[in-house]
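**Student:** TrEMBL feature annotations, pasted as is:
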ACT_SITE  His199  active site, proton acceptor
BINDING   Gly30, Ala31, Ser32, Gly33, Gly34, Ile35, Gly36, Asp56, Asn116, Ile139, Ser140, Asn141, Met250  NAD(+) binding site
BINDING   Arg103, Arg109, Asn141, Arg175  substrate binding site
DOMAIN    25-167  domain 'Lactate/malate dehydrogenase N-terminal'
DOMAIN    169-333  domain 'Lactate/malate dehydrogenase C-terminal'
Amino acid sequence: MFSRVARPALNITRTLSTSSQNHAKVAVLGASGGIGQPLSLLLKNSPLVSQLSLYDIAHTPGVAADLSHIETRAQVTGYIGPDQLGAALKGCEVVVIPAGVPRKPGMTRDDLFNTNASIVATLVDACARNCPEAMLCVISNPVNSTIPIASEILKKHGVYNPNRVFGVTTLDIVRANTFVAELKGLDPARVNVPVVGGHAGKTIIPVISQCTPKVEFPTDTLTALTGRIQEAGTEVVKAKAGAGSATLSMAYAGARFTFSLLDAMNGKEGVVECAFVRSEETECKYFSTPLLLGKQGIEKNLGLGKLSAFEEKLVAEALGELKASIKKGEDFVLSK
């Protein structure tokens, strides 16, 4: 199903595009954090970005000054505090939101909910007021709840377009590609594993039966591999021993998704990424599947494709938790 689609690469190069279309203004909300800083660095290096607007509640002027010395064309501006949030968003075509608190040892993504839900709601409210037509790429966890929050906030303002709101699940795909490549001795840059469902625990469903190139594993290896992909975030949290969560790999994944979206907005054809979006592919209101991206965001939802019996069982087992997370996000907004 996906073999015709080349996986995007992060192109960090001094060779700048001269295309008249490559004039995107991109905002990073939460730009001073563990994800925000490396993400902003990767975006600054891209010829797809002409203006980079950085926002956070602290340290943003310093981050912006630091990045502004890099010899690429993107002009960097730093904004700090709630009073400058509106100015940071004016004219932005893409907004990437990694803001929020990171997961610590022993914390589940649900533990993050109370703090991060309020942060995302505030930031999306500002987006609705200042750049209502921008593409929104939400990284802040728990994504299974923050995307419903973002959607309900946009609905309240009458500017909701489901084709422009994305929960960034790309890190799950990046991990699946890496882990499969390790087991099979392949070049990870040439491996492409779709990951569907959500972005937490058992809602993360790697569709290894649709991997390109085609790979096969014994049942016990497949079960262990699936479990590792689902719990890879916890693997990093434990390895950092309380010093943080997955920040560098998440920054890479967030940049990869943003570049794919910018490519599609510039008219590149055949750009496919998985993301957690409004969906009718299952009985869940939101679900991650491969999406064909275009100038207006989602051009076509490519759906689940043919799943193995093992994968069908994973989907069935994930639906209950996913529905509860979605409802939790919707209820948060409705209660305000």
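In case you wondered, yes, glycine gets a Cβ from its N, Cα and C as well.
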**Student:** Express the distance between the Cα positions of Gly34 (NAD(+) binding site) and Arg175 (substrate binding site) as a whole number of Å.
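**Tutor:** That comes out at 19 Å between the alpha carbons.
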**Student:** May I ask for the distance between Ser140 (NAD(+) binding site) and the residue listed as 'active site, proton acceptor', taken between their Cα atoms and rounded to an integer number of Å?
**Tutor:** 11
**Student:** Asn116 (NAD(+) binding site): which of the recorded positions Asn141, Arg175, His199 have a C-alpha within 10 angstroms of it?
**Tutor:** Asn141
**Student:** Counting Cβ atoms within 10 Å across all protein chains shown, which of the recorded positions Arg175, His199 comes out on top?
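**Tutor:** Comparing the recorded positions Arg175, His199, the most crowded Cβ belongs to His199.
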**Student:** In the structure shown, which of the binding-site residues Gly30, Gly34, Gly36 has the fewest other Cβ atoms within 10 Å?
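**Tutor:** Among the binding-site residues Gly30, Gly34, Gly36, the sparsest Cβ neighbourhood within 10 Å belongs to Gly34.
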**Student:** Would you list the DSSP helix, strand and coil counts for the residues of the domain 'Lactate/malate dehydrogenase N-terminal' (25-167)?
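**Tutor:** Its residues fall into 64 helix, 30 strand, 49 coil.
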**Student:** For Asn141 (substrate binding site), which of these recorded positions sit within 10 Å, Cα to Cα: Gly30, His199, Met250?
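**Tutor:** Final answer, ordered: His199.
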**Student:** As a test of the contact definition, list every same-chain residue at least 6 positions from Met250 (NAD(+) binding site) whose Cβ is closer than 8 Å to its Cβ.
**Tutor:** Ile35, Leu39, Pro98, Ile139, Leu171
**Student:** Please report how many Å separate the Cα atom of the residue listed as 'active site, proton acceptor' from that of Arg175 (substrate binding site), as a whole number.
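**Tutor:** The Cα atom of the residue listed as 'active site, proton acceptor' is 12 Å away from the Cα atom of Arg175 (substrate binding site).
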